[in-house]
Amino acid sequence: MNHPHSPTIAAIATANGRGGVGIIRISGKDLLPFAQAISGGKTPKPRTALYTDFLAADGSAIDNGLLLYFASPASFTGEDVIELQGHGGQIVLQMLLARCVELGARLAEAGEFSKRAFLNNKMDLAQAESVADLIDASSQAAARMAMRSLKGVFSQQIHALVDDLITLRMLVEATLDFPEEDIDFLQAADAKGKLASLQTQLANIFAHAQQGAILREGMNVVLVGAPNVGKSSLLNALAGDDVAIVTDIAGTTRDTVREYITLDGVPIHITDTAGLRQTDDIVEQIGIQRSEKAVQNADVALILIDPNEGLNDTTREILFRLPENLKCIEIHNKIDLKNDNPSVENRSGSLKNETGASTIIKLSAKTGAGLDLLKHELLQQVGWQGESEGLFLARTRHIHALQTAQTELDNAAACGNHQIELLAEHLRLAQVACNEITGEFTADDLLGVIFSRFCIGK
Ligand code: GDP
Ligand code: ZN
């Protein structure tokens, strides 16, 4: 994929704010004239730091610092790249950026450097995405796994799969040209066996990708329950410090309060919902609307119950408003008041509790007893198996593509001996799905969406 029209782009690559050093990054076709113009006639050697003034049009110095020149194709984008490393003040950086525009660059769009790197085959789409994921990583584990994707762990597995898929497709399509020998030929070449091993290979990648997606996407948890059962207290206990207002007056948590924690590296968003019930109070109504939205987006609901009161009408009304398939954990809070021990109990089928929860945890938000049980259970619910070698960060997009590929391979496996054309088509579609991950055949509009979510200067 070569794009003939590729204007010079420039952006401040360092974070917005004060810093010791601020970097402007420029990418374009032939940047030596640019380097000479901004340095007052000096010619930089590739990959060598050049200490120089950065000059305005009238020859005065805007700033001084290091100019780095990366000659095409040995650069991040594959084009000529220049980095101006100056002082990290926003005004001076803006002035430098304006000077770059004067010299013919235009302001880079979000993710445009990475997009060029992708278009110039410096990395595939999954790797380009991992650049953004590494920058956005919300935990050390996520950062480590983004780095593995960036180094191509994920892409290599997809490429290996696609290679095998192509081998099988060639076999099948060769048969199409000689229909009289089809079945014998495919049997002799063990097409069925090859297909089965492709399915195993894909299932393996899928399992890893799912773990990677958990680490990237995390999970949304909502705390629901009648006023005063201890929702705010539990949120605080999980977060480890006071974020919500804890009071003894019913209905005081009028806002939806969100807290972000990581468990074993997995990002978890917890929302303390307001009562989720009918009310005439306007302020409370707004909180309730937000709570309902949080509940709709939730992966798991923690239903808090005061063990002394059990399931009261308020709680029943709240339960009635929960989405049907939402996973629920029943929390019996305040065990310290009864001198009870923390515990986890799993129930299934008809033994499920009235709340519909299959897990019941007894704990105390106040003393913290049983919190570890809850944390462990949350990781179980999301399916996190812990960090291990071979994992990589994956996006929902990747999961969907892998699912499509799986369906197509299943369809292929279900083809009868005389449905060779159909078999060939399913294999082709499986490959299309895999190629979407690495970006071989990805539509331009999808690329636009993916890269526009990057930050400017990356
Ligand atoms: P919310 O309305 O559901 O958010 O409940 P709060 O978190 O505001 O708690 C209501 C009251 O119950 C407060 O006085 C808390 O201190 C108290 N409380 C919450 N959890 C516990 C607990 O585990 N043990 C005891 N003894 N009191 C608790
Ligand atoms: Zn509260």
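Glycine is no exception: its Cβ is also placed from the backbone N, Cα and C atoms.
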Check: Given TrEMBL annotates Glu83, Lys122, Lys458 as (6S)-5-formyl-5,6,7,8-tetrahydrofolate-binding, which of Arg25, Arg47, Arg169 belongs to that site as well?
Finding: Arg25
Margin query: At 10 angstroms around each C-beta, which of the binding-site residues Lys122, Lys231 has the fewest other C-beta atoms nearby?
Written below: Lys122
Note to self: Return only the integer: C-alpha distance in Å from Glu83 ((6S)-5-formyl-5,6,7,8-tetrahydrofolate binding site) to Asn228 (GTP binding site).
What the structure shows: 57
Notebook entry, point to check: Can you list which of these binding-site residues (Lys122, Asn228, Lys231) have a Cβ closer than 6 Å to ligand 1?
Noted result: Asn228, Lys231
Note to self: Just to confirm: which same-chain residues, 6+ apart in sequence, have a Cβ under 8 Å from the Cβ of Lys458 ((6S)-5-formyl-5,6,7,8-tetrahydrofolate binding site)?
What the structure shows: Ala13, Ala110, Gly111, Phe113, Ser114, Val131, Ala132, Ile135
Margin query: Measuring Cα to Cα, how many Å separate Lys122 ((6S)-5-formyl-5,6,7,8-tetrahydrofolate binding site) from Ser232 (Mg(2+) binding site)?
Written below: 49
Note to self: Measuring Cα to Cα, how far is Asn228 (GTP binding site) from Arg25 ((6S)-5-formyl-5,6,7,8-tetrahydrofolate binding site) in Å?
What the structure shows: 54
